[in-house]
């Protein structure tokens, strides 16, 4: 037994989650003090002389009213899209939940009799029908939490965008704090609610399962599946929406009509700003929640069939949840560095401040992991290792979690190096534009492929060290280590789209060039740090996928995955092809949706008299509808490809071929996603 008692663990996890939710609500309250109304300056206690930027010939009340109007249009568009998307996903949740129940229940012919345990031999476990029912409930809980995470993130982002714009009149520091605090609301709500729902679910399930921890934590894995399946559709649907709007707005507006980005005369400008919220906020929120839920569930399941679970050591069993709890507390302290302890005075300090968040949270979290590892874990214990057991010491797990955490930092900084305009890779790509689009595309592709090297080595080292020290459990907690600072990572990530929207609102509201320069500086830093967030998501997904692959191989009773076996090898080849098939489907969807958007924007410019002169208003709603309809229609085939492939491969060709498919898609998918991230 570790030095940390069960009663303390039972208290620590929910208190940390509730503190995270409370901190998120406090940040939201502070953001809400910035009023978006015609008398916002009066409500904020600022007179015109206190606003740094004297905008000649511009009525401040008129600007605030325009900001409120634009903010409302973006919010309505994003909410409408998500509600429509969630109606589709509710049907999917019901159908897939039924499939899970039928597949798991039919394993033992829907038996209601207790079965001998698979791993804890000599003991009786709950019947297969109960496992099927509770796995389905966990799936629905995970899916619902994932959807809520994305939706709440979108609501706070659309709430904060105009407030960031208005604060930019008082200086770049004030605007930065509003944008970052808003991102922190999303980060802490997601991290804390994900932890709390998982903790409560385990306790409610235990009322039925009692001492059958093997069955309890196996059924809890449905929580991770629910989170990641919603993330898949949220990412695909949101991604198609945002890219179709972005391409349509830029091709016609900037290239053909030579008007600025986010110009109010562009019919696709509202759809473009809505896309930032449904793709980069709601999609990313669901995505990172999915990875977090999967890594927690994978670690809990492996622990349940190891000495922790067999000896019913609750504190050691809850090690993954304690890590997440400490992460929330660490991120809370880290956030205060950006919003309260250090003041941003000029544009050049924005990006260093955001990068400092990653370093501070990583260093503090390393200390937190050391404390948890030595107090929550026994000094020596055994872990399940593909049918055998592996003796592990508590400091081994400290290294496993820490290497995942620091690998995340390496991936983040590498991503930043390849995507920031401050460094030579992006400068080389920019320089290649002198000779036309062809050389630009060649340089961009080369840069994208090259950028894969360091992150892959970081992931490979993390896998080798964590597996050598603690088998599959080590890989699962390494993924959790990478996601332990998820609150800070998401705050940085959500900051980007909020700043992007703020710049768009400043342009559409007719604010001065100086204000637009400030919002552009916030946006430029946000674009780079958003790429860092995506790097974390990819790295953690790779580790989580490997941990889940190990759990699948163990559960399916496969002793070795032999690539020289024809069944496995054809699975590998097909699996490696799947990310390209998936990418082809999504890219084609974006292309066809963008084509419709371009045609509609051209039509409006050609047929609405006085649109270019600013005397007439464009029809924003039609462009929003084009993106919405296209994304909802086109997200289903790629999603079905991912969800149905394992079912078909396993049912028709057996578990060996399915193991090959999963391994091939994991290896191939990591390379493709990293390369395309840096290229973008």
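Just so you know, glycine gets a Cβ as well, placed from its N, Cα and C.
Here's what TrEMBL has on this protein:
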TRANSMEM  12-31  transmembrane segment
TRANSMEM  88-108  transmembrane segment
TRANSMEM  128-154  transmembrane segment
TRANSMEM  175-202  transmembrane segment
TRANSMEM  317-338  transmembrane segment
TRANSMEM  358-376  transmembrane segment
TRANSMEM  396-414  transmembrane segment
TRANSMEM  441-465  transmembrane segment
TRANSMEM  471-492  transmembrane segment
TRANSMEM  536-558  transmembrane segment
TRANSMEM  564-582  transmembrane segment
The transmembrane segment (536-558) vs the transmembrane segment (441-465): 3 or more CB pairs under 8 Å: yes
Interface present between the transmembrane segment (471-492) and the transmembrane segment (175-202) (three or more C-beta pairs under 8 A): yes
Stretch with greatest number of CB pairs under 8 Å, the transmembrane segment (471-492) reference, 128-154, 358-376, 396-414, 441-465 candidates: 396-414
